[in-house]
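Look at TrEMBL and you will find His465 tagged as active site, proton acceptor. The FAD binding site annotation in TrEMBL covers Lys61, Gly125, Asp327. Marked as NAD(+) binding site by TrEMBL: Gly190, Ala191, Ser192, Tyr193, Val194, Ala195, Leu196, Glu197, Gly285. Feature annotation from TrEMBL assigns disulfide bond to Cys52-Cys57. Sequence annotations record features per position, and here TrEMBL assigns domain 'FAD/NAD(P)-binding' to 22-343. The domain 'Pyridine nucleotide-disulphide oxidoreductase dimerisation' feature in TrEMBL is assigned to 363-472.
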Amino acid sequence: WHVGGNSVNKLTGWRIGGLTPREAAKYEKKVLVLDFVPPTPLGNSWGLGGTCVNVGCIPKKLMHQAALLGQALQDSRKFGWQFTEEVKHNWMTMTESVQNYIGSLNWGYRVALREKKVTYENAYGEFVGPHTVKATNKRGVEKLYTAERFLIATGERPRYLGIPGDKEYCISSDDLFSLPYCPGKTLVVGASYVALECAGFLAGLGLDVTVMVRSILLRGFDQDIANKIGAYMEEHGINFIREFVPIKVEQVEEGTPGRLKVTAKSTKGTQIIEGEYNTVLLAIGRDACTRKIGLDKVGVKINEKTGKIPVNDEEQTNVPYIYAVGDILQDKLELTPVAIRAGRLLVQRLYAGATSKCDYVNVPTTVFTPLEYGACGYSEETAVEKFGEENVEVYHSHFWPLEWTVPSRDNNKCYAKIICNIQDNERVIGFHVLGPNAGEVTQGFAAAIKCGITKEQLDSTIGIHPVCAEVCIHSIVNSSGILAYAV
């Protein structure tokens with residue numbers, strides 16, 4: 001290495017992001033990782049590991065767990081547990097514990113990169129010419145690097161509304177998980193899975209939560225399920241303001257939290273409403289981090305409207321030596337495991353002679369709303385659009401988890417749906433479950449779907465009793481109400 005001044009360092013591979021450098025290093029390639037987090041409008045940033053680890057999946061699931069524990073405390077009385085002292089939740093204890101765990105992950109990634117002899121720079125990378133990037137650290141020191149190949153995995157950041165007061169007074173998911181005070185009465189703006197997950201665990205911690213929705217819930221997910229999630233959240237005390245969007249946020253009182261006045265306008269007419277909240281959380285979508293990394297300098301095409309990068313089926317951009325994975329890809333799933341898999345398969349194709357490509361269809365995922373939602377494959381709407389309504393059969397059933405019967409809550413709120421392609425021997429092309437531990441249930445069925453399981457094979461499987469997952473193979477009926485299989 002020759003580092004310093006305007007020197008140029010030669011590399012075999014360079015990547016912006018943090019997903020697959022260790023995979024490349026396995027094949028004795030010289031690898032550099034550039035990772036830099038521009039602070040949020042409120043000044044928050046974080047360590048190595050990307051969105052999922054720092055401000056996404058990990059803290060979200062842990063805070064969801066905190067809310068579930070609150071429900072478990074309520075249920076426990078019916079199971080004989082007695083406690084007389086008042087049970088309260090302490091926001092600071094939770095956030096400190098969550099951040100301590102995230103810090104241990106950040107350190108673990110640093111150590112893992114070092115062990116694999118991957119060079120890590122906490123610096124902002126941007127292309128300045130063919131095969132050349134400039135890295136700028138937080139002190140403004142610049143270095144130039146050249147590489148044979150480049151992998152872009154810069155991900156996305158939360159979008160703001162572009163209205164008076166949004167960046168001054170609102171927070172995003174980039175701020176919430178390390179917020180140094182309890183958010184109090186909260187308005188969540190948006191209907192994405194981020195919006196509903198955050199609204200869910202905040203309400204589960206005992207806070208007064210309102211969700212302001214512009215149009216539909218969970219766009220891109222099965223809408224039958226999405227509406228059931230919304231109904232469940234409303235039944236459990238979360239307020240919904242539908243078909244309104246904020247047009248102004250004003251500070252009424254400073255504090256931690258302070259008080260904010262939100263003015264909103266109807267999407268269907270001229271009606272204006274106002275409301276006061278302690279915290280306003282924006283979760284209206286995310287923008288790809290591609291517009292300020294010099295892609296125009298090397299000719300990489302992006303979708304001008306979305307900033308997403310079109311790639312071929314091998315994650316290659318229109319510039320042959322530049323590849324991309326993750327949330328920045330056009331028309332691909334925005335999920336961490338998908339990015340990891342795509343990155344690993346890419347490296348194996350480039351350096352190990354492999355030929356496998358990433359499957360972007362049969363991908364399981366879970367939305368950690370209060371009633372968890374697991375899905376794999378096509379939604380009902382997408383299946384009908386792709387295969388035709390006459391070629392799609394839907395099997396479904398409500399169910400009541402055994403654990404919920406003793407505390408007598410939420411009877412028949414859980415739900416399972418299996419979508420089959422009639423023309424392909426009733427192969428299962430969509431799996432949806434709404435209930436506790438939905439992610440754990442969906443992961444197992446995802447493997448079967450990947451192997452091409454049919455409805456007949458599903459019916460011939462013996463269930464485990466008594467668990468929620470057995471409803472997916474027992475007592476599930478088709479859309480005409482005909483029992484498909486029973487014991």
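Count begins at 1; order follows the chain as displayed.
Glycine residues also receive a Cβ, built from the backbone N, Cα and C atoms like all the rest.
Sequence-distant neighbours of Ser192 (NAD(+) binding site) (same chain, 6+ apart, CB under 8 A from its CB) are Leu218, Arg219, Ala283, Ile284, Gly285. Nearest to His465 (active site, proton acceptor) in space, judged by Cα atoms and limited to the recorded positions Cys52, Cys57, Lys61, Val194, Leu196, is Lys61. Considering only the residues assigned to FAD binding, Lys61, Gly125, Asp327, the longest pairwise Cα distance works out to 30 Å. Rounded to a whole number, the distance between the Cα atoms of Gly190 (NAD(+) binding site) and Asp327 (FAD binding site) is 19 Å. Note: the Cα of Lys61 (FAD binding site) and the Cα of Cys52 (disulfide bond) are spaced 10 Å from each other. The Cβ of Cys57 (disulfide bond) has 18 neighbouring Cβ atoms from other residues within 10 Å, across all protein chains displayed. When the C-alpha distances from Cys52 (disulfide bond) to the binding-site residues Gly125, Gly190, Leu196 are tabulated, the minimum falls on Leu196. Within 8 Å of the centroid defined by the CB atoms of Gly190, Ala191, Ser192, Tyr193, Val194, Ala195, Leu196, Glu197, Gly285, the record's NAD(+) site, lie the Cβ atoms of Val188, Cys198, Leu218, Ala283, Ile284, excluding the listed residues themselves.
In sequence order, Ser173, Ala283 make up the list of same-chain residues 6 or more apart from Val194 (NAD(+) binding site) whose Cβ falls under 8 Å from its Cβ. Each of the recorded positions Lys61, His465 was ranked by the number of other C-beta atoms within 10 Å, and first place falls to Lys61.
Note: the domain 'Pyridine nucleotide-disulphide oxidoreductase dimerisation' (363-472) comprises 41 helix, 34 strand, 35 coil (DSSP; helix = H, G, I, strand = E, B). Ranking the recorded positions Cys52, Gly125, Leu196 by how many other Cβ atoms lie within 10 angstroms of each Cβ puts Cys52 at the bottom. For Asp327 (FAD binding site), other Cβ atoms within 10 Å of its Cβ number 23.
In terms of C-alpha distance, the listed binding-site residues Gly125, Gly190, Leu196 place Leu196 closest to Cys57 (disulfide bond). Just so you know, the Cβ of Gly285 (NAD(+) binding site) picks up 15 other Cβ atoms within 10 Å once every protein chain is counted.
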